[in-house]
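Inspection log for the structure reproduced underneath, given as structure tokens.
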């Protein structure tokens, strides 16, 4: 089977995507698959470069990759692809829409406000959230242009920085707690990982640099584990995820809050999903096998 590993792209996470893609190409079982690296440099590359492949394994991150656009093109071309479909991908990429759906489904998430310009900043509402707050692009990943803002005076600059990457900016309540992540594959939760960033929060340097954070499988107390699993699977279902995704949470005073959902989690040597899979003795190669196998069974009609 010719498996095109699609990486690169046009988002701010291009370099991370290439790291993921190269890791995947090297890990794929050579006896089962002919791995074909497909590096996208511009949108127009996609249709030409996927010709002749039997399956698209997506190692893209960010806009035009994780947002449902590439999935829509592949679906139109009749090429099976890995992971979530166009709708779920688009919803999970939009942090505001994700949180609206979670709130509708009574899944706990941090409070937030949205702005499209500095003129829309409502300092009274931000005061109500309580400082510090996170300021981040609405559509974006890997914590690119995400700032932990300690005071009213710093809000405007943080919003301007985030607006360089998106037309909408989220101002989110800061919940000081323990960060965990819940990888899900085929509707089942893998071992939960704890994330202990060396800096103030799990930023881009922590996520992809060596030693930027301690990440390890964590044994939660029984009641908390049950609630985390229930929330993670409910989130996966509410957002119509398919095959695999990663649900990020914060736990404060034994109460979990959903942060966001990654529909194309990183697949580098430092990535969380492979670390979690290793906790049930699933190798990186076996994880990719499972993703391909389960993705081929999804009805994309």
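Positions of Cβ are set from backbone N, Cα and C atoms, glycine also.
Copied from Swiss-Prot, the annotated features are:
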- 99-293: domain 'ATP-grasp' (DOMAIN)
- 126-181: ATP binding site (BINDING)
- 248, 260: Mg(2+) 1 binding site (BINDING)
- 260, 262: Mg(2+) 2 binding site (BINDING)
Spatial neighbours of residue 248 (Mg(2+) 1 binding site), counting only the binding-site residues 126, 140, 154, 161, 168 and Cα distances within 10 Å: none
Residue 126 (ATP binding site) versus residue 262 (Mg(2+) 2 binding site) - Cα distance in angstrom: 26
Local Cβ density at residue 175 (ATP binding site) - other Cβ atoms counted within 10 Å: 19
Neighbourhood of residue 168 (ATP binding site) by C-beta distance under 8 A, where only residues 6 or more apart in the same chain count: 96, 114, 115, 116, 137, 138, 139
Tertiary neighbours of residue 260 (Mg(2+) 1 binding site) (same chain, Cβ under 8 Å, six or more apart): 92, 95, 98, 248
Mapped DSSP class for residue 168 (ATP binding site), helix or strand or coil: coil
Among 147, 262, which are binding-site residues, the residue with the most C-beta atoms within 10 angstroms of its C-beta: 262
Where residue 260 (Mg(2+) 1 binding site) falls in three-state DSSP terms: strand
Number of Cβ atoms other than its own within 10 Å, given for residue 154 (ATP binding site): 16
Neighbour tally for residue 126 (ATP binding site), based on other Cβ positions within 10 Å of its Cβ: 19
Winner by Cβ contact number (other Cβ atoms within 10 Å) across the binding-site residues 161, 248: 248
Cβ atoms near residue 133 (ATP binding site) (within 10 Å, other residues, all chains): 27
